[in-house]
Amino acid sequence: MYTSHEDIGYDFEDDPKDKKTLKPHPNIDGGWAWMMVLSSFFVHILIMGSQMALGVLNVEWLEEFHQSRGLTAWVSSLSMGITLIVGPFIGLFINTCGCRRTAIVGGLVNSLGWVLSAYAANVHYLFITFGVTAGFGSGMAYLPAVVMVGRYFQKRRALAQGLSTTGTGFGAFLMTVLLKYLCAEYGWRNAMFIQGAVSLNLCVCGALMRPLSPGKDGNDPGGRDPQVLPAPSTESIKSNGPVGRAEEKGDPPGNEETLSDLAAQACQEKAGLRKNMCALRVLKTVSQLTLRVRKGFRDWYSGYFGAASLFTNRMFVAFIFWALFAYSSFVIPFIHLPEIVNLYNLSEQNDVFPLTSIIAIVHIFGKVILGIVADLPCISVWNVFLMANFTLVLSIFILPLMHTYAGLAVICALIGFSSGYFSLMPVVTEDLVGIEHLANAYGIIICANGISALLGPPFAGWIYDITQKYDFSFYMCGLLYMVGILFLLIQPCLRFIEQSRKKYMDGAHV
């Protein structure tokens, strides 16, 4: 869902050894790098696209389990929220295991979550199987997809990230159609089972995430560890063993039994040496694994929790509060629009072209167009970002007033286009914290988005359960979004205060 003009991923090494100066890799900005874009594109289709289509399943769960809309919405929001919230913690797996292994395991866990959810007996079961299990697997596959594109591209990084993240829009459109068809033909349980099989393609996407510089076994280029002695050869056994000593002295062996005893003793010594070598290899493997995990944890901890200076940046803290309030207003329509369509008796028209698909398709063009406009030298990125936010919150307020398919379609198109500001989030974040802190800062923003996605849809469903109208749900979410925009509007004031304080401190030291 996110594009970047810089590396918005987490700078983890697939093989966390001491960094060495590397020559320019032939696959940077070309060659296998475009396979990374293709892999990331399909990851966005399978993960983000599927999550944007969960409104179809939300309707089925309401009919199946007869629970409140607030409680049922927790299933979808858990999956969306956990995918983003666990981002910084998935970095620990990337640090120790690499992007490829992490993504493959994530694909397996995500598929397992879908399959287990097909046997759900109640909504609370779905919290664990779909919300937590599938959500955690999604996070394990999603983050490596973003990281690997950032590693493989330098000059064309913005283009690559933009192309890969358009998979979200395509996925929302395709997965909505697919899930509606599967639910109609086979029922929602079989639909989730089939979707679990489809999600196994995440493992294929992970297998394509080939590291730029595959590590060699051992620390020495020759593959030999200087601390481990080489296995003794037959020559050394001859010269050091009992048979060798007998031959060196020139004493003839006593008899056949003596020779056979000496040969048996030599074999026993050789077997003992082999056992010792096996034990040494096991100890070496365990020690290397321990060092790898400790270094990975140390890098992960210092990369996130060591960045305490970010929280002393008042403008960045205000931006975090915006992220907490804003993202839910984009997610809520995807979860609750299918139910609104049923309440307004617009199912026939929506079946022809779903409203969520309109948001998804226009969202793709919104990302591209807003990115092009923001790149113009005469236009401020910050102003484009603010205008897009105002358009989105205005659309949220107007949506409950529309009771026809045409009116809802226009508002959904506005929501999709204005939400294209997600492509500007890394640029705005960089403007606030600087390029050196971009990766850590963006990880924190993703976490804030995840919390917003986790709480927003259940909150909207809870308001409906009280008022029996979705109108107040969207009005309340719009008001919360306005609170988030207020944190954006105070940014110039905070910037002026920071600059004044800096000038004062510089003057005091003169």
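Keep in mind that glycine also has a Cβ here, set from the backbone N, Cα and C atoms.
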Give the range, chosen from 96-116, 159-179, 180-200, that TrEMBL lists as transmembrane segment.
159-179
Selection from 32-54, 127-147, 315-335, 405-428, the stretch that has most Cβ pairs under 8 A to the transmembrane segment (159-179)
32-54
Stretch with greatest number of CB pairs under 8 Å, the transmembrane segment (355-374) reference, 74-95, 127-147, 405-428, 472-494 candidates:
405-428
Is the transmembrane segment (32-54) close to the transmembrane segment (127-147), in the sense of at least 3 CB pairs under 8 angstroms with a sequence gap of 6 or more?
yes
Range from 74-95, 315-335, 440-460 with the greatest count of C-beta pairs under 8 A to the transmembrane segment (381-399):
315-335
For the transmembrane segment (74-95) and the transmembrane segment (440-460), check the count of CB pairs under 8 Å (sequence separation 6 or more) and say whether it reaches 3 or more.
yes
